[in-house]
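Summarising the annotation, Swiss-Prot assigns transmembrane segment to 17-37 and lists sequence analysis as the type of evidence. Annotated N-linked glycosylation site per Swiss-Prot: N81, N344, in sequence order. For C450, the entry in Swiss-Prot reads heme binding site.
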Amino acid sequence: MLLLWLYQALPTSLTRILLTAGLCVPCALVIHGIYNLYFHPLRNVPGPKLGALTDLYAFYWNWIRGVGYSKQFDRWHKHYNSSVIRIGPNDVHTTQVELYDVIHKAGSTWLKDKSFYKHFGGLDAMIDPREYRTYRTHLAPLYSQRAVDGLVSKMDDDLAICGQKTTKMAENGKAVNMARVLTTLSTSMILYNLFSMDISLWECNDYHPFLEAFEHIMAQIWLFLSYPRLATCLSLIPGTSLARLAPSWTTFMNSCAAWCDEDARKQRASDDQSIRDSHSKRYYALKHTDANDKKSIIPAPLDELFSFIAGGTDTTAYTTGCAFFYILSSPSVCRKLVKELDENASFIRNGLDYHKIQTLPYLNAVIKETLRISVPVPGCLPRVVPEGGITVGSFHLPAGTALSITQQAISLNQDIFPSPLCFSPERWIGPAAAGLDKWNVAFGRGSRQCIGTTLAYLELRCVVAYFFSRFDMTLTAKNGDGHRWVDRFVAVNLDTVEVLVLSDRWSGARY
């Protein structure tokens with residue numbers, strides 16, 4: 001009846017177009033679905049049929065259910081009794097962790113999956129190895145050990161502000177939302193590298209509007225990464241949670257644009273030698289050279305800000321928050337850590353001496369164990385099988401297949417880490433630690449390892465050392481009974497990491 005009405009009501013040419021589209025699109029989808037299920041080269045790889053049928057199944061778990069597709073893999077491996085499962089039409093996940101070295105070794109021909117990273121930005125989204133090397137080499141001096149050593153005074157200043165805000169909250173009998181404190185701290189550090197001018201996020205009594213906007217955006221990150229145009233349309237619907245996306249994105253981008261403009265203005269007005277090194281300085285210096293090859297590859301600061309802020313803020317702040325949760329949930333761990341910090345208080349309390357802090361064995365063990373158990377980037381980071389294909393288990397994966405080995409598959413593997421859900425820094429100390437560093441993969445490995453690894457370790461070590469050297473703390477009821485998180489490309493805590501400060505051991509004050 002509907003087709004008949006359309007035929008009578010609409011002009012002949014328009015009717016034919018609509019009828020053709022109405023018939024061809026569903027037919028094409030059905031044919032494509034049949035191919036994926038019964039004729040695709042991966043048809044014999046076990047896994048959920050809906051995953052084999054369409055990528056929408058991953059989107060369902062990531063955004064609609066909001067728990068994370070990657071959190072389902074372990075039960076599917078067990079259900080299908082297979083170390084290899086098909087998780088998408090052209091995507092496979094494996095728990096054969098020995099392949100991690102094959103994929104990430106120096107000179108690897110396993111490229112990043114273009115279809116997965118197409119809506120990402122910044123350094124991590126670059127597929128071409130030559131372009132990636134050019135961009136990374138351009139930025140690498142900002143993240144070298146020498147450069148990070150130069151950030152210790154900035155870290156010291158920010159921690160002093162954290163300490164002041166923490167004692168003020170304690171004096172007023174209020175709990176401290178460590179998630180927000182740590183997010184502010186991590187963002188402050190990455191902005192210091194992004195811009196040559198100083199940007200203060202500590203001026204607000206509560207939470208900086210820029211960070212609040214960023215938090216709203218990250219809550220919908222799977223929608224942005226999967227279907228950015230749909231995200232734009234849905235954000236225009238009033239009265240929904242998504243309606244906050246548009247103003248949040250506007251706040252975020254307006255702040256970034258204003259900082260870029262102000263930084264550029266100051267650089268034009270100042271002598272080059274007086275300007276602190278940063279992403280921004282390096283980009284504007286590049287504009288006045290003949291390095292056309294670099295110019296065509298390296299994006300403007302505004303285009304890379306979101307990816308660097310997301311990568312440099314959420315992962316580090318989340319991991320540090322997890323450290324607080326696990327340390328305060330483990331009295332014996334807390335006692336051992338505090339004892340070590342007390343014995344070395346002179347280079348924590350009287351200004352941070354990072355060269356000495358980074359040598360503390362139990363602190364390092366706590367950091368490594370936190371990185372392992374918290375799994376800061378829990379989901380797929382797929383690589384494309386190179387020419388010739390590869391056999392994994394009893395399945396041949398042809399060239400072009402997207403293969404993933406998630407951090408969870410390694411960090412929570414009980415053959416590598418016995419009792420993987422138990423927080424045990426001792427596993428990283430002494431004879432028991434032999435060979436474990438190989439599986440410390442929180443920042444990746446090889447040429448595509450996270451460029452901010454050294455900076456992240458600075459933050460993790462210094463924050464934990466400072467707070468647990470200075471304050472006696474306890475978790476509040478808001479933390480729940482266990483560590484609960486969701487996969488929003490980076491892991492996000494479901495429960496607020498909130499602490500009550502019992503005393504300031506440096507001043508002797510009790511609250």
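In case you wondered, yes, glycine gets a Cβ from its N, Cα and C as well.
Around N81 (N-linked glycosylation site), there are no C-beta neighbours below 8 angstroms that are at least 6 residues distant in the chain. Neighbours of N344 (N-linked glycosylation site), defined as other CB atoms within 10 A of its CB across all chains, total 18.
Using a 10 Å Cβ-Cβ cutoff, C450 (heme binding site) registers 20 neighbours. N344 (N-linked glycosylation site) sits 30 Å from C450 (heme binding site), taking the C-alpha atoms as the reference points.
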